[in-house]
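Taken from Swiss-Prot, the feature disulfide bond applies to C28-C288, C110-C187. The feature N-linked glycosylation site is assigned by Swiss-Prot to N21, N183, with sequence analysis given as support. Residues or ranges marked as topological domain 'Extracellular' in Swiss-Prot (evidence: sequence analysis): 1-39, 100-112, 175-201, 272-298. As annotated by Swiss-Prot, transmembrane segment applies to 40-60, 79-99, 113-133, 154-174, 202-222, 251-271, 299-319.
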Amino acid sequence: MATDEFSSSTTPSYDYYDYTNESGLPPCDETDWDLSYSLLPVFYMIVFVLGLSGNGVVIFTVWKAKPKRRSADTYIGNLALADLAFVVTLPLWATYTALGFHWPFGSALCKLSSYLVLLNMFASVFCLTCLSFDRYLAIVHSLSSAKLRSRSSILVSLAVIWLFSGLLALPSLILRDTRVEGNNTICDLDFSGVSSKENENFWIGGLSILTTVPGFLLPLLLMTIFYCFIGGKVTMHFQNLKKEEQKKKRLLKIIITLVVVFAICWLPFHILKTIHFLDLMGFLELSCSTQNIIVSLHPYATCLAYINSCLNPFLYAFFDLRFRSQCFFFFGFKKALQGHLSNTSSSLSAQTQKSEIHSLATKV
């Protein structure tokens, strides 16, 4: 496929932009997609298997722990739900790529799958932002934030997250469609119903800003501000942390890890998209070789973003003793949990171990 024909059809991308020659840019050399046809489907299926199983376990564990669920757990469960909604579309995109960007599934699935991809992106970053805000309230305003962290407030915030995410992703549902190009049917952005050819670049640019600003930059700025305040608070009281505050600090480390990994996974994608946007609008004048590099790197930057959807459950398992304990407890691995506790503190009596098992599986 030639570079000047490369469009948002080439990946299940978070997708409001286009690498086409309709921008008035000179035609460039061809880009060889043979490696992508073979490599990307395998990668998609690995993410699908890990994401489906890992996020499924998270959702089940959070659901089973309802009586003692932390406010953070509710956001974590919804983060897993957003990731799960995305990874179930990956077999379709794997098939699409393996067939040389040929979409055999019809217009409805083209629209729905693209919509779920964008819905995941927005819902994930908004859940992480709310997690960060929840930790900010719990640590910086622990005495005065009870009402804001109540169950009803959390449910309202989740409703706003999903509604706002659904609205921001809606252009993908409207604009994505199938079209025939040569021997292939591709799933692509179609602006013919809303714009003339001359104004398509403005739509692409506007939608690109829509994904980058509320979908990455603004949430990342808010999370950075929250953690600056949290860092100041924790530093001031580091020597006098009570047991409850130590638990908050452990949970804080987990959430910071989630945010950092999210930023690392998404940053290359947004950098490439921003460079393309600036080139498209005439703020940059990229050579053909540079355009080809951007085009070639884009599917792999998108894949790095996809990794985030299957990494989170493994981060919980690695960093959060409480989550591991809940998994052991709810899936019936009580002997394994007892062994884990025995290694941690061999002096515990049998009765204490039994109590600790239940405590780890249900409490903060």
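Including glycine, each Cβ sits where the backbone N, Cα and C put it.
On the structure: features taken from Swiss-Prot.
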residue	record	DSSP (3 states)
C110	disulfide bond	helix
N183	N-linked glycosylation site	coil
C288	disulfide bond	helix
Length of the line joining the Cα atoms of C288 (disulfide bond) and C187 (disulfide bond), in Å:
25
Least surrounded among the recorded positions, given as N183, C187, C288, when other CB atoms within 10 Å are counted:
N183
Non-local Cβ contacts of C110 (disulfide bond) (under 8 Å, 6 or more apart, same chain)?
W103, R176, D177, T178, C187
Closest-packing stretch to the transmembrane segment (251-271), where packing means Cβ pairs under 8 Å, from 79-99, 113-133, 299-319:
299-319
Determine whether the transmembrane segment (79-99) and the transmembrane segment (202-222) share at least three Cβ pairs under 8 Å, counting only pairs 6 or more apart in sequence.
no
For the transmembrane segment (40-60) and the transmembrane segment (202-222), does the number of C-beta pairs under 8 Å, pairs 6 or more apart in sequence, reach 3 or more?
no
What residues elsewhere in the chain lie close to the topological domain 'Extracellular' (100-112), defined as a C-beta under 8 angstroms and at least 6 residues from its ends?
1, 9-10, 33, 37, 92, 172-174, 176-178, 183-187
By DSSP assignment, list the helix, strand and coil residue numbers for the topological domain 'Extracellular' (175-201), in that order.
6 helix, 12 strand, 9 coil
